[in-house]
Amino acid sequence: MNIRIGHGFDVHKFGGELPLILGGVEVPYDTGLVAHSDGDVVLHAISDAILGAMALGDIGKHFPDTDPDFKGADSRVLLRHCYQLALDKGYRLGNLDVTIIAQAPKMLPHIQAIRECLSADLESDIEAINVKATTTEKLGFTGRKEGIAVEAVVLMCAAPR
């Protein structure tokens, strides 16, 4: 098969003293996200999508939150590792579509910087990377500003040999 599709989803609640990092970009906000790593919920969802497309499990399998080696880990390093696994299997990113679900903070001012960061980490043309944000109209935990959820879908294409 020459193409594979992967879907990733992740959620983190607000809290703690870490800065809010989304898609590799520090986003000004009152608080960060609670997590074993740096809490970059965007990169976690993308990593899961890549691993899913390659039938390699999920980030919990590769970077368990019970392993002290990953305490405070830079999620960009984790993402690049997951992408390298795909490259090792002969696949490259075809395109990526990310949806950030959050009532706050407003994401529009940060979308382009996130796309640029993802383009660099995934060694891909920025035109193959889409990031968008939505709210839940004040419904549910994201609507109550308790946390952020992210969905990511990747299309991975066999790289020419």
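Any Cβ shown, glycine's included, is placed from N, Cα and C.
The 4-CDP-2-C-methyl-D-erythritol 2-phosphate binding site feature in Swiss-Prot is assigned to 10-12, 36-37, 58-60, 63-67, 102-108, 134-137, PHE141, ARG144. According to DSSP, HIS36 (site 'Transition state stabilizer') sits in a coil region rather than a helix or strand.
Secondary structure at HIS44 (divalent metal cation binding site), as computed by DSSP, is helix. Marked as divalent metal cation binding site by Swiss-Prot: ASP10, HIS12, HIS44.
As annotated by Swiss-Prot, site 'Transition state stabilizer' applies to HIS36 (among others).
If you look up Swiss-Prot, you'll see THR135 (among others) marked as site 'Transition state stabilizer'. Here the Cβ of THR135 (site 'Transition state stabilizer') has 15 other Cβ atoms within 10 Å, regardless of which shown protein chain they belong to.
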Which one is closest to PRO105 (4-CDP-2-C-methyl-D-erythritol 2-phosphate binding site) in space, judged by CA to CA distance, out of the recorded positions HIS12, HIS36, HIS44, THR135?
THR135
Of the recorded positions listed as HIS12, HIS36, HIS44, THR135, the one whose CA lies nearest the CA of ASP67 (4-CDP-2-C-methyl-D-erythritol 2-phosphate binding site)
HIS36
Using the centroid of the Cβ atoms of ASP10, HIS12, HIS44 as reference, list every other same-chain residue with Cβ within 8 Å of it (recorded divalent metal cation site), in sequence order.
VAL11, LEU33, ALA35, GLY39, ASP40, VAL41, VAL42, LEU43, ALA45, ILE148, VAL150
Could you check which of the recorded positions (HIS12, HIS36, HIS44) sits closest to THR134 (4-CDP-2-C-methyl-D-erythritol 2-phosphate binding site), going Cα to Cα?
HIS12
Of SER37, THR134, the binding-site residues given in the record, which has the fewest other CB atoms within 10 A of its CB?
THR134
Per residue, counting other C-beta atoms within 10 angstroms of the C-beta, which of the binding-site residues ASP10, ASP67 reaches the highest number?
ASP10
